[in-house]
Each structure stands twice: as C-alpha cells, then as structure tokens.
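Each remark here refers to the structure printed beneath this line.
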Amino acid sequence: MINDLGELISGLGSAIQPEYLLYALVGAALGTIVGVLPGLGPTMTMAMLLPITFSLGDPLGAIILFGGIFYGSMYAGSITSILLGLPGESSGIVSVFDGYQMTRRGRAGAALLSNGVGSFIGGLIATVAIVFVARPIVDLAVQLSPADYFALIAFALATTTLMGDRLWPGLFSLTVGLAIGMVGTHAISGDERFVFGVAELRSGIDLSLIAIGLYAVSEVALNLANLGSTPPTPAVIGKLYMTRREWRRSLPPYLRGSVLGFVVGVLPGMSGTVATFLSYNMERKLAKHPEEFGKGSIEGLAGPSAADNAGSGGSFVPLLTLGIPGTAATALMLGALQGFGVQTGPLMLQNNPELVWGVIGGLLVANFMLLVLNVPLVGIWVKLLKVPGALLYPLIIVISMVGAYSIGRTSVLLFVVLILGLVGLALRLVGIPLAPAVLGIVLGPLLEEEWARALVISRGDYGVFLSTPLSVIALSLAALVLVWPLARRVVVGAIERRREALAGSRS
Amino acid sequence: MNDAPHPDARRSYLRKRIAALGGVWVVAALFLWQAVALPPPSRPAPVSPGTFPTIVGVAMLLAATGMLAGALWEYLKASPPAPPPLPADEEVVTSGPHGEEIVHSWPRLGIALGATAAYVALFFPLGYLVSTVLFLGGMGAYFWRRPVGAAVFAVALTVGIGWLFSLLGIYLPAGLVALPF
C-alpha cells in the first residue's frame, strides 16, 4: 500500500508536467462544454477525438485527455439541470428535482456551488480509492485462467444489456457490436470473416471509425433534425454562496454519495446515472425532512452530485485492473490504449506502471482543474448555450470526418463512417441503445480469444467453463442478468393477477 | 381536454414500429445466415471461425424476435403506451415509449444526412478546403438562416481546423484549392 502511494506520487509527478497539464485542461474544458450542451455527450466527444489522439502519439496524454472529458461532463451535466431544469447529460436528471427548485427559490448560486463541490469530493474520493483497490484486484486477476477471464467478460457484457431498461434491445445492440468486432481476419485461424472482398476491411474496422459513425454522425443528425428555434434563457446565477447550515447538511450526503457512486461505478454496466438515482433515494430515506425532497432540498442535490463523479472514477477500476471496461466511455479509452499497442489487462499495472499511475495522477489533476472551471467560472460555460447548434453540429461532422481521414487517407473509410452513422441512427430510431454495441465491439475479440484459449487448454472440452468457482459464479450471474427482466415480468404479472383475483373475490 | 391519442394513431404508430422491427429481424436473419455459411478453417485450428459468429447470430435473431413479438403483442392487445405529444420548441431529443429517439422534422434529418453524404463524396474530388467551406456554409445558411454570418464562420472554421490538423502532421487533401500551410 505504501508502495502504491509512492507510485501515485510519481504518477502525479508525471501528470503535472506541462504537456499533461495541458491535456488535462483541454479535456476538462471540452468535457465541461459537452456537459453543458444538451444532446452532446462525452462518448461522442471521445469518438470524435480518438483518431486525433493517435497522431499525438502518447497513450498517457490521450487517457488524461479522455479522463478530463469524462469527469468534466459529469461536473457540468448538472449545470443546465440546476439553471434551466434541462439536464445536459443523463447523469444530471436527478439534479433537476431539487437543484432547479433551489434556482426557482433564488438559490441558484448555492445549488451550483453545492454541485461543484460535490462533484469534486466524489471525483477525489473515487480517484484515491482506485489506488487502494487496484493492486489487490490485479494480484487476484493475474491468477485467473482463460475460462475465468471469459466468464468475467461474458458477465460484463451481459450486464451492459441493462443499460437500456429492456432486455431485447440491449441484447440486440450487444450482438451488433460483437458482429462488427468480428469483421476482418479471425485471430485464431487466420481466415477472413465478413470482409466481402473489401481490402480495407481485412484488418477489421478501426474502433475510431465505428465510434465516430455510430455516435457522432447519428447524434449530430438527430440534433439538427430537432433544433429548437429559440435558445433557452438561463436563470440569474447570483452569488456562489452556501450558508453554514447548508454546508453542514451537504457534507454527509457528499461522503455517502461518493462511497455509493464508487461501488456502483466499479460494477460493469452501471453508470454514474444509476448511482445518482440510488444516492437520491438513499438521501431521501435518511433525511430528517424527507418532505423537502423535490422542493429544493440541498441533500437531494449534494448526494447525487458526488455520486455521479464517484461513479465515473469507479468505472476506471475494471478498465485499469482487468482491461474490462464497463461503460461506453471507458471502452473507448481501452480502444485508445490498444490502438497505441499497450498491453491491457491485469498485466498493465506490472508492465506499464508509469502509465496506470500517470492516468490516476492525471485524473486527480483534472479534478482540481474542474473545481476551478466549474465553480468560479460557471457563468462562462452557461453562455455557451447561446452558440447556435446550426454552426456547432456541422463542425462536429467536419472534425469527425477529418479524423476518420487521418486513419487511412482513403475515401472508403469516410463512406464506412457514413454507413455506420446510418446504422447508429436506425438503431436509435427503434429504441436500441448504442452503449452495449460499443462494449461488444471492444470486448468481443477479447471474449472470443479467451474462449479459444480455454478450449485449447481443455482440448475442446466445454466443461472447462464450469471448472472453477469464479467461472461458475460469473457465468451464473451473467445468465441471471439476462433472464431476470423476463422472469421479473412473469413474476410481477402473476402477483398482479393474483391480487386482482383476490380483490374480485372480495367484492 | 383529453390527452389520450386516438386509437387509430396508436395503431398507426405500432404498425410503423412493427415494420421497422421486421427490418431489424431480417438483418439479424441475414447475419445468422452469413455466419452459418462461413467455411471451416483453412488450416487446423482449435476453434472454427464460424462457431462464435453463429452463437452471436442466434442471440441476435432471438433479440430481434423478442422485440418484434413484443410489438406484435402490444398491437394485438390494442392498448399500447401512447406516443408522447411532441414538444414544440425544445432542444433536447425526447424519446418515445419504447426508448426510441423522436425526430421532430424528417425533412431536416434528410437534409442533414444528404449534406453529410455529399460532403463525404466531395471531400477528395474538391479537396478539404472547398468541400468543407461548402458544407459548413450550406448547413449554417439552411439551419441558422443567416447566410452571410454562416459563410464567414465557414471560412474561418475551415481554415482554423485545417491549421490545427497541420500542426498534428495531418495534411488534408488539396483538391481544387490547397490550404496555405
């Protein structure tokens, strides 16, 4: 543990070098911008920038940049929730309940301060917590067999189907991602799959192209189709000031929200958004004045604001220790690391400690920068809402396409992006979430590789997947996650029918 | 005032949804067919290249069938959740009862996609500078309704982005007019 703290200090030392400070600042500012602007998210921003980061040639810089974007969007996703009642990100939905009510009562300054401080505390506690849990998880993970690893990835993928609230759309999205991930040369036999004679597809479709197409193109097209005619007018912010009583009431929810958010964030498929809802419910149950919730209770704002940033911090744990991301944003970070040729997985901490600790150090630095950007400078970001979408959205297309061009410098790749954009749009229009697809694309090849390795070791015996306690537990949980939504519907339906029958017989 | 949509509107909404999910089902079936048709490994390998895609294909078809069956069931029950009324002037994309994104203006969507397709097609023949100025200027003029302002922004942003990428060592296709750096 002492060693790890020493490593963290050396990671901080790397992170405060001028170029990494610049990456953290650019990431934090970009994250804040997309967090404030409704309709634009961190995953889309990372997708747009993924090819550009490869030309920077520095994996640590790329992940610090992405970490800044990820944290920044969580900070700022609640700013418009508080001022306009309009969440900038899904993680800001809960902040509407009490944050917007505080604004309506003339306490916008206190709400913004509470949100900024809560996000900072959540991000800080979660980032420090990564240091404490990383080494024990890696020590366990290096002993895992291919069958264990396969089972863990299968569990992580199964839980991503929970990202939508229905099983079938999530499962469909996941299989689309797995299918796209199979395009190219089969790693085990060397045979081509789904290439259809297109030479550019032989080495697979680059993750940057997929991410740009699925996320950026479809998101921009939808935003343009739904442009509002009048920009929203934010409320007056007033003084950023909290009374002593408000500080006292906020501190316990900050701490509880941080711990809850971190634990939820570590779990695959669970986003900061889930953590905010759980934190809100917990605070309401624990509150001395639960009747104030929904009417401007500062506890109802403080807990979730810490929980969403702690959730983002927690989601770095499976990424950095196992190489198994649990969210679309961390999946893109894994893709970036792999694109740089970094060996991801449990060995990353052993083989590339300066990278892992540098990332954690960079996250800490970005978190401090975000506190400054989001509390005293909050007024500047709110003005961004006045930027016309008609200029902003086409600009995103241009940066995305130029980024796609930089990967292969052929027009075929731009058409691949366009086609994937249409696929992403079609999926969205029928209510199929995109996040499971991104995880499927990134984790699919790894899943198939571990599956083949396990079968090679067992000489084709499928019993190997149930040969260790971990693989049995992980596969059982994966099956449970997939069956649960259907089972719940059947059970709830049966209970309701019974209740109705009882009510009918009584009357 | 009764906010519940007319039953015919519900049915029409569900009919469209069933048609869309029918398309999704066909895509899943095509993928499974392609996966099953993958040849055995050309050299000895512990796992055939077709096994994993076939498993994924079965799961994909199962998911597509589940979605389609759900929509058909709702249609037969004839008490589907109503599509929400569309907000008039809002910037957020709202979602429908099945989590689907709602398009407020199909012509705008068509223009956004058509312009992007044209941009992709003309990126190499016209070069970065001309194609990007046309794309940004055209989109700005149409969606912002201020052609002069859009043109100024288009030129400034195109040159600015080109300069930033040149700093990263990415030189963009010249086409008709090359960037000065």
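Keep in mind that glycine also has a Cβ here, set from the backbone N, Cα and C atoms.
All annotation found in TrEMBL is predicted automatically rather than curated by experts.
What TrEMBL annotates here:
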- A:20-40: transmembrane segment (TRANSMEM)
- A:21-439: domain 'DUF112' (DOMAIN)
- A:47-69: transmembrane segment (TRANSMEM)
- A:75-97: transmembrane segment (TRANSMEM)
- A:109-134: transmembrane segment (TRANSMEM)
- A:140-158: transmembrane segment (TRANSMEM)
- A:170-188: transmembrane segment (TRANSMEM)
- A:194-217: transmembrane segment (TRANSMEM)
- A:254-280: transmembrane segment (TRANSMEM)
- A:355-381: transmembrane segment (TRANSMEM)
- A:387-405: transmembrane segment (TRANSMEM)
- A:412-442: transmembrane segment (TRANSMEM)
- A:462-487: transmembrane segment (TRANSMEM)
Segment proximity, the transmembrane segment (A:462-487) to the transmembrane segment (A:412-442), 3 or more C-beta pairs under 8 Å: no
Other parts of the chain folded back onto the transmembrane segment (A:254-280), taken as Cβ under 8 Å at six or more residues beyond its ends: 74, 90-91, 93-95, 97, 117-118, 121-122, 125-126, 129, 133, 155-156, 158-163, 286, 293, 300, 302-315, 317-318, 324-327
Interface check, the transmembrane segment (A:194-217) with the transmembrane segment (A:47-69), three or more C-beta pairs under 8 A: yes
Cβ contacts under 8 Å made by the transmembrane segment (A:387-405) with residues that lie 6+ beyond its boundaries: 37, 39-40, 44, 47-52, 208-209, 212, 216-217, 220, 223-224, 227, 231, 413-414, 416-417
Positions whose Cβ lies under 8 angstroms from the transmembrane segment (A:140-158), at least six residues beyond its ends: 174, 268-269, 318, 321-322, 324-326, 345-347, 350, 436, 439-440, 443, 446-447, 450-451, 453-454, 457-458, 464-465, 467-468, 470-475, 477-479, 481-482
Non-local residues, at least 6 beyond the ends, that sit with Cβ under 8 Å of the transmembrane segment (A:20-40): 14, 49, 60-62, 64-77, 79-80, 86-89, 92, 219, 222-223, 226, 358, 362, 365-366, 369-370, 373-374, 381-382, 384-385, 387, 389, 392, 396
Tertiary contacts of the transmembrane segment (A:75-97) (same chain, 6+ residues out, Cβ under 8 Å): 31-38, 41-42, 103, 108, 111-112, 115-116, 119, 123, 232, 234-235, 237, 271-273, 276-277, 279-280, 293-294, 300-301, 304-305, 308-309, 311, 370, 373-374, 378, 381-382, 385
